[in-house]
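Record features (TrEMBL):
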- 1-51: region 'Disordered' (REGION)
- 7-17: compositional bias 'Low complexity' (COMPBIAS)
- 39-51: compositional bias 'Acidic residues' (COMPBIAS)
- 70-178: region 'Disordered' (REGION)
- 78-102: compositional bias 'Basic and acidic residues' (COMPBIAS)
- 104-155: compositional bias 'Acidic residues' (COMPBIAS)
- 156-176: compositional bias 'Basic and acidic residues' (COMPBIAS)
- 208-218: compositional bias 'Acidic residues' (COMPBIAS)
- 208-231: region 'Disordered' (REGION)
- 261-365: domain 'Nucleolar complex-associated protein 3 N-terminal' (DOMAIN)
- 481-503: region 'Disordered' (REGION)
- 611-790: domain 'CCAAT-binding factor' (DOMAIN)
Amino acid sequence: MARGMKRAQPARARQAGAAGGADKHAKRARVEPVASHSDDDEDALDAQDMAGDDDLAALQFLSRAKLPDVAQAGAQAKAKERMLAEKRQQREELNALRRPVETSESEASTDMEGASESEEDEEDEEEDEEEDEEDEEEDEEDEEEDEEDEDDDYEERYLHMAARREKREAAAREMRAQQPLPIRTEQGIVEAVSDDEVPVLHSRAVYSDDDDESDEAPEAVPYTPSSAAHSRRFGLAPPYELACGALSPHAAQRTRALGEAREQIARLASQIVGDPEMGTAALQRLLVFAQVKLAPPPGEKGSAVQVHPHIRQLALLSLLAVWVDVIPGYRIRALSEHEQKERVSQEVARRRDWEQSLVRLYREYLECCEAEVRDASSPLSRVALRCFCTLLVRVPHFNYRKNLLASVISHLSRKSWTPASEQCASSLIQLLRKDADGEIALELVQLLYRMIRERKLAVHANVLDVLVHLRLRSELSREVKSGPMGTASARPPPRRVDPKKVRQGLAVHRSKKQIKKDRELQAIEQEMREADAALDVEARERNQSETLKLLFALYFRILKSDVPLPLLASALEGLVHYAHHVSVDFFRDVVRVLRTRLTDALAARTYRAALLSMVAALALQHGQGGALELDLGDMYAALYTVLLPLSTSGQLEEGDVPKRGQVAGLRRWSEASMLFYAMDMALVQAPRATLQVSLERSAALVRRLLGAALHWPTTSALRALELAQAVIARTATIEARFEALLDNRDAVQDGQYDPCAAQPESARALASGEPCWELCLLSRTHANAQVRETATALLHWTR
């Protein structure tokens, strides 16, 4: 039994050595960082198999084993020493267990047994020696493995350093690619790029040695790259320094800074216009001079510096000229997500980048101008407004047109009319005259209608004068205009060419196939031109229809409201101007409102308002072109009524004299001009059917007109005589009795003429058979000789 125990002890030692081997495998798994988890698991299972499940001491030994930590410096050497110490401790423990057993067995054994035990001790010693030799061999193998691990360590370190070197080289290449190229000036000098212009890369692609030395890298100090306000790019002084110099207390320094700023602005503008696509950086730098304040450079303490108003004015006006020249002839739209992701050529990508940069900088410029326009106390307010108006007229097709329109129209919302308002109105009129498809007109009318409605009609009358210049008066023509394929040639090219011209180089010979191909291309181009013209006409008709709806809604709102007389006159002028576009239902509503206003004006004895209503009603009926026959007898009666008080009016000729057949500036007309215009529409240009309704009414109006001419100045008296002659000449062709106003020898008398009658039909101007004694007085007693001659000629007029 004791012998069995002795044999079990070497087995346990061998199992402990196997556990040590497992510990070696575990150490290798920790030393080799590239080994996978599956290898570690297999080593651990092998170690557990070598240690039997019934040997608890071996399992406890495995649980006490520690894997070496190779993350620290010298970890491999320490691990090796620790493994040797553990082996020595294992041997000592085995020897200590072996000695008590041998002592107890020797005391109880006999001499024979002692002899046998001595033999067995010799055998055990031999086995121990063999085990020691095996342990030494294992130690040598462990040393060889450690040397191999050190070689692997050196190889991994070399590969790591090589990877770091490649990262540094890639970072240097990227930095060199970001560095701007040298600039060659007009004089041929190559300007070097300063250090502050070299871009500093803050990206994960840039290599940093600190990332490999420690897991937690120190926080980097934030660095702000130099902006366009502080850089010396293009060999020019920074705008920040020029702004500081312009505010210097020394006059010489101020003059020098202003001069340098002016030269720099001119140089940048010339550079941008020379090459717009490559001048984005110069455009951004030029925009810096238009800012209100400039912040100090990064890293410097101090407050923002005000830019001198003279520098800002030069920058705003220079940028205005640049925008007019640089802006393309199309509208730039934002790219969709699909367009941003798709792959395009380098030329298309550069073009897209330039377009997006142009729109961004254009928006910044408009925001800068808008801030000045809103600040009425700013010295650059009028300059910024001028920039808005110019951009609106010169580049109405480009982006932010509606924003420009809103800013310009907002200046028309004031009750007072200033030079700024006149400038805005003039720019809007120019814009409407250039509008071809009606889209701009529709946007303008929408904004004006909204503004006037929000102001509750409290606007200046000149605002409505802008709407008279809409291109709605003439009907759309169906003629094919030039489209994207150009204008069709009036005469097709000849089929055959003179050989002599071909030899002289004046013509090109074409084969039959080429002639056939050219004919097919011409047919395709003609179809495309017709389709393009049809689309243009449809879009224009649609825009005009919407514009007219808003326009008449605005005019009708003003007519039904209690507004000042000048604003009412402007609305009536607009109605008369677009009378041929007024529908029948809308015309009846307008005439009903005008009759109400006419009655109120006569009751209040405001004869100017009454004349405005009569002019509008008669002009609207005339604008229908005879399509609508509506009895306007109340307008004729009102005209007959106002003639009597106007004969003694002292303000009859105060105002403007309009052009013949036009109602432009109706509110500035004199009372005489409105009176003669209304009578011309009622008696001369009226349809023949209207005159036949009541000749008595026409004759009464003529006699009261001649009676009023006895009291009027020379100009009005002559105009009255000319109008009377036109009425008599036209009406006499309809009714011969009308000649009795000049010669009553053959006239039949029926009653007596009543010059103070309330209604023209009850005056009995024709039935009385009396001649115009007012005409006889004008020919004999008027102070002006021209009036007397004109009246005498009219008395002797014959059909």
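Each Cβ is built from the backbone N, Cα and C atoms, and glycine gets one as well.
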Helix, strand and coil residues within the compositional bias 'Basic and acidic residues' (78-102) as assigned by DSSP: 25 helix, 0 strand, 0 coil
Secondary structure composition of the compositional bias 'Basic and acidic residues' (156-176) [DSSP: H/G/I, E/B, coil]: 21 helix, 0 strand, 0 coil
For the domain 'Nucleolar complex-associated protein 3 N-terminal' (261-365), residues assigned helix / strand / coil by DSSP: 69 helix, 4 strand, 32 coil
